[in-house]
């Protein structure tokens with residue numbers, strides 16, 4: 001079904017809303033854990049839900065290569081395959097193709113590349129991406145686009161953005177031809193160039209989508225550039241449609257995204273960092289493998305209500321990490337995912353109570369950091 005987006009409240013640029021799908025509701029601003037291969041690494045769907053997650057991100061490119069469309073269709077769709085009955089957003093595969101580097105060739109038609117799993121020559125285009133995502137049963141389908149690399153000259157970024165716009169139209173046309181009852185999001189490109197972002201927004205809104213993502217950020221550009229692009233782009237996006245900042249990011253990035261009008265985020269950071277022993281807490285980050293934690297019998301974060309913090313000490317988590325025990329990665333992941341969801345809950349509450357900027361000040365004060373400057377207000 002078509003999603004319903006209710007924008008309930010604004011506090012400055014920060015937006016408080018709700019996404020309603022056939023499979024459930026999602027409170028925004030929202031963070032989506034990443035389940036690349038149909039699993040949030042090391043977690044059962046029940047455990048992910050327990051952390052407060054209401055929507056997951058799946059990866060079109062990787063699920064197409066393994067297990068493939070036929071296996072997916074045998075189960076029904078990705079929801080049935082992985083036993084997650086909440087909403088799922090799938091990225092189109094564009095970013096993964098971008099990440100392949102030398103083993104891919106991008107043309108107007110699409111992307112030729114070698115399968116990183118077995119070396120086979122394969123081809124992906126906008127139409128194929130729409131077909132795969134329909135088979136996945138994605139509640140939110142992303143258009144096929146090219147992620148503009150950083151750094152890129154204005155001419156390079158313009159050429160890439162214009163091709164992404166043509167691919168956006170092809171994605172829209174094929175999505176409609178397939179009679180997909182779900183939702184299609186456009187992706188704004190244009191690198192760090194505001195004039196190119198303007199052209200991209202205009203082109204995408206003329207085509208018309210159910211939501212709009214800001215892509216091509218967090219690919220190596222300075223934070224100031226990311227903030228500037230968001231400040232410039234977000235006010236131009238339709239007020240009544242959800243806004244999604246792709247692949248971002250650190251807790252600070254989520255706060256800064258919300259300050260500039262973003263509703264949805266995804267990132268591998270909480271799960272990947274958990275497996276590397278980098279754990280997010282109220283005051284910043286704890287590196288659990290550091291020797292100082294060997295004899296620390298206190299929980300990771302006294303403010304955290306997750307299963308890990310309620311039951312285990314830093315000393316135990318340090319021990320598991322040093323011994324490379326699988327349980328260590330699992331407990332760390334539970335904690336980091338819950339940290340991210342608690343952060344989003346706090347953000348939503350602050351917007352509800354008209355004190356979001358006060359929340360921002362307190363957030364940075366706990367980290368002993370200055371609040372980054374905020375540019376023009378919408």
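Every residue gets a Cβ built from N, Cα and C, even glycine.
Annotation comment: Swiss-Prot describes 91 as active site, proton acceptor. The active site, nucleophile annotation in Swiss-Prot covers 266. For 91, 92, 93, 94, 95, 145, 189, 216, the entry in Swiss-Prot reads substrate binding site, with the evidence type sequence analysis. Among the features that Swiss-Prot reports, Zn(2+) binding site is placed at 304, 306, 309, 335. Feature annotation from Swiss-Prot assigns region 'RNA binding' to 247-253, 271-275; the stated evidence is sequence analysis.
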Give me the non-local Cβ neighbours of residue 266 (active site, nucleophile): same chain, 6+ apart in sequence, Cβ-Cβ under 8 Å, ordered along the sequence.
31, 32, 33, 34, 57, 89, 244, 246, 247, 248
Within 10 Å of each Cβ, count the other Cβ atoms and name the one among the binding-site residues 93, 94 with the highest count.
94
Distance, residue 91 (active site, proton acceptor) to residue 304 (Zn(2+) binding site) (CA atoms, angstrom):
31
Which chain-mates of residue 309 (Zn(2+) binding site) that are at least 6 residues away have a CB under 8 A from its CB, listed by sequence?
299, 300, 301, 302, 335
In three-state DSSP terms, the structure that residue 335 (Zn(2+) binding site) belongs to:
helix
What other residues of this chain sit with their CB within 8 A of the center of the CB atoms of 304, 306, 309, 335, the recorded Zn(2+) site?
299, 300, 301, 305, 307, 308, 310, 334, 338, 339
Taking helix as H, G and I and strand as E and B in DSSP, count the residues of the region 'RNA binding' (271-275) in helix, strand and coil.
5 helix, 0 strand, 0 coil
Beyond 91, 92, 93, 94, 95, 145, 189, 216, what residues of that chain have CB atoms within 8 A of the centre of the substrate site's CB atoms?
97, 98, 142, 143, 144, 146, 147, 164, 187, 215, 246
